[in-house]
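In TrEMBL this protein carries:
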TRANSMEM  A:34-59  transmembrane segment
TRANSMEM  A:71-89  transmembrane segment
TRANSMEM  A:109-128  transmembrane segment
TRANSMEM  A:140-160  transmembrane segment
TRANSMEM  A:221-240  transmembrane segment
TRANSMEM  A:267-292  transmembrane segment
TRANSMEM  A:304-322  transmembrane segment
TRANSMEM  A:342-360  transmembrane segment
Amino acid sequence: MSAVTPLQNGDTVLLPERIADLTGLGEFGVAGELLAAFLGAFVIANLMMAMTGVAGPWAKRKITAAFTDRIAVNHLGPAGIFIIVADAVRLLSKENIIPENADRPAYDLAPIVIAGSALLGFAVIPMGSGIHLADPEVGLVFVFAVAGIASIGLVMAGYASGNKYSMLGGLRAVAQNVAYEIPLVVTGMSVVLFAGSLQMGTIVEAQAQPLVDLGVVSIPSWYALVNPFAFVLFLIANFAEVGRNPFDMPEAPAELIAGYQTEYSSVYFVLVYLGEFLHIFLGGAIIATIFLGGPAGPGPAELGIVWFLLKIWAVFLLTQWLRSAIPRVRIDQLIEIGWKGLLVLSFANLALTAAIVGVIA
Amino acid sequence: MSTGTESMPEDATDRVDELADLLGSRALTREDHVNAPGFVVNPGDVQDVLFDLREKAGYDHCSCVTAQQYEDRFETIYHLKKYADPTDEVSIVVPTPLDEPVSQSAEPVYRTADWHEREAYDLVGIEYEDHPDLRRILLPETWQGHPLSASYDQEKPQVVTLSEHANPLEPDHEDPESDTMFLNVGPHHPATHGVLHVKTVLDGETIAHIEPDIGYLHRCEEQMCQQGTYRHQIMPYPDRWDYVSSGLLNEWAYARAIEDLAEIEVPEYAQIIRTLGSELCRIASHMLALGTFALDVYGEFTATFMYTFRDRELVQDILEDLTGQRMMFNYFRVGGVAWDLPEPREEFFEQTRDFLDELPAKVAEYNDLITTNEIFQTRCIDTGVLEPDVAKDYGCTGPVARGSGVDYDLRRDDPYGYYENLEWDVVTRDGCDNYARVLCRMEEVEESAKIVEQCLDVLEGWPEDDREVQANVPRTLKPDADAEVYRAVEAAKGELGIYIRSDGTDKPGRFKIRSPCFSNLQALEEMSQGEYIPDLIASLGSLDIVLGEVDR
Amino acid sequence: MIGLLKSMATTMKHALSGSTFTVEYPETAPDVSPRFRGVHKFSQERCIWCRQCENVCPNDTIQIVMDDQRNGEQYNLHIGQCIYCRLCEEVCPVDAILLTQNFEFTADTKHEFVYNKEQLKAVPWYKDIDPLESREPDRGAWIGEGEGEVDYQ
């Protein structure tokens, strides 16, 4: 692929190509393209990590405080936002304590796998305003696949820590991910039936058609509106996938101390923590892309990234809202809901969607 | 008082005669206590006698086991009661010789005696035959000697290292074939409500066996009370047993015991203030129980926890105005209370009434938040099941027993204070599970609010010239030598009893605390067997233990 | 499902109301009840060295040293060990020791919490509340009326 190849998907220009165009790197052949791709990845990774950095130490405190009638951080900077700096210094300057009977390479790799797998998923997400790293034809499958790698990271962390609580947390994580990955993917497939493509760009474009035109306002055919049932199923499965209430079993501090991350400290802890938040955001990004029209929203197309981030934050807010109000289910109930409830419902949804699509076609 | 259904025997002496007939020659002599008739029996007859008393005379509640050492003998006292009528009490006194302190265990008759006798062995040094597991319970395994026995040497090193203590020939119990996993829940664990250590054996995530290991917060409270004077120095300490909120309820336990022992009449006005303060404490304590239970079931970001703490804070503000402290009140005095209501009284009444007026809306909010939540229900219904018979066998009291349908509340059944003159109900639930216990506490909050409201009404109308807050009590109290009393009150967690033996000085000869949490916690094993780890945590939360009171 | 939604609605109601229950300590000093028991204040002028406070103290927090003429020399109080039961104030016949509302005290080591009589004299009133005044209506039952102005420096 080079900057001069005919554009796929209408007018979408991928980020590396833009960078290549802007900097003239495209003229240096493959090496230049590679560098441009790296730069693009660098931009997106940093954008996401910065957002996670804000969400972790600051927004979460603020949101939780609002739900519990408290004030939360407000001393450092406007609305206490510079607490992020303080937190970063605090966490990074701590001693990295490694348990004596930790299984070394696995113990060290797990945080990287957890954080990396989530970052990888953002590669194929169209974020609007031209921020789109790659758009392979199997985009949706790719994003599910890399998000699934996190399970390996969780098991590695759980097993390699040499702690029984970590072990239980890791096992819970994998049982939960296996149980909920299938409904998640199957529900995602119902969207593919509508869009007729696995390519993220195409899925977003398909949602731009108006569903109902009321003259003044036209409601776009976001799949959340077209098929709310699938949307709800996907949301629920997603909470289980990212391990948040009511499905935060892998950590469950009251039961397992902190699950798989019990033994992690300092930099490793930061990575695990980042990874968790990245997963929430990746979940939000997938939901936004395949159900909420991606970067679509009123106003000029340049505002796409704003709308996209807003949608991600809405999903994040929802997870925090649930945390304040909903108890966690028990591990056996969780598995039961997954295999007996969601799996069946997601297949029903798939069949239903197939029938509808068939009738329309 | 709501009901008066219990039938008291026509004549207390008849009852005692019947008991004497039942025991026959096994009763060596009589040794009556201030609260109950006492019979001295041989160490070898304990099981026999207790079994008869339980089966034939209906004493189904082994409230407390007290052990102590006299100059010439050791003594174990079993304080027995009836769940149906706690005023019907009997004490079984079992003396054992100094050189061979061995007595039969009561564990086969009353399951609750297990821990009580372990404590007696640990602190006093009496050994119990037939006991299933006679080990130290409060002190570390490596402790040397028995601190409440007369021969205990304070100067000697008290703890030796484990390597010095352990038997090197003892086989290692690790079984490579086994499918189970041993997990230490605690002593540093987010959900143990203090420093509790639960030794857990897991089969997968199912609990195969648990054993609570207590004693991390043992502060020699009993001995501290034995070194304080009755008149002043004991009263600050009850606040520190169940330290979370129920200080006044604890103080009342001591006040009731010493007032009965020294025959002190408490002015009615002081009794009303005591009732008012105690019920406020109960509200605060139940709020905390609710909040921490939510924390265990919801996770650490639950809003419920903060809301309950907000309400508890309001109660604490009222209590601070009344007593001068937020948790460690030291407000009761022998024969009354320290202070009258704070001036201006109208402000205090208004503040308290404001809180009571807002309470129903808040309880409704808790119902919206917690009890009607379907996930909460699936988590709590039919988990941590404690059958009524089992609850009685373990000596469970308070909301734990009432959640299992055991209709037992000392405020009604063994009235003290001003409760008799007020309109309120004892809350019971038949669910026997975690959900029932939570609901039970929430409803008790409403009942307590009723009591507080009525107390306020009475206090507002009380004549100004008759506000006697304290009886005339001599500055030095010296009850008769060898007078013994066991008195209990309904504290936030259940029956909090105090046993005092006077030795004729101004300090108690033996001061024993019967902690409701201690007995309730013992039932945890029964409740969580075969369930999952989350259920264990929820059951522990629903027991609402405070380790300060368990370990004393 | 309705229950779940009700729970969520309840917390959202709190979030949207914007009201907070917590206060920003130390910017907002908490209201302390007039009866609150904080750090002690001692008046050597009033003290008659009767040692009743030393005797009644449940955990030996107060230490008094006198010479052979029974003149007071030292009055030491370990405010870190004190359990703030107020019994010393209660038994004092001359109001020589009082518990102020002051609950803010810090030190680097616990030994610095051993206050001698000069330090006890220097303990400030909390927000200028003189507990003697606020306790006045109730004190009659306990302590004889003090005479005249009380000077605590």
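Cβ coordinates come from backbone N, Cα and C, glycine included.
As the structure is a computational prediction, the values presented were derived from the model and not from experiment.
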Segment proximity, the transmembrane segment (A:71-89) to the transmembrane segment (A:140-160), 3 or more C-beta pairs under 8 Å: no
Segment proximity, the transmembrane segment (A:71-89) to the transmembrane segment (A:304-322), 3 or more C-beta pairs under 8 Å: no
Stretch contact, the transmembrane segment (A:342-360) with the transmembrane segment (A:34-59), Cβ-Cβ under 8 Å, 3+ pairs: no
Long-range environment of the transmembrane segment (A:267-292) - Cβ separation under 8 angstroms, sequence gap at least 6: 48-49, 51-53, 55-56, 88, 91-92, 96, 108, 110-112, 114-119, 121-122, 125-127, 140, 143, 147, 150, 153, 157, 188, 191, 200, 203-204, 222-224, 230-231, 234-235, 238, 241-244, 260-261, 308, 311-316, 319
The transmembrane segment (A:71-89) and the transmembrane segment (A:109-128) contact flag, 3+ Cβ pairs under 8 angstroms: no
Criterion met for the transmembrane segment (A:109-128) and the transmembrane segment (A:34-59) (at least three Cβ pairs under 8 Å): yes
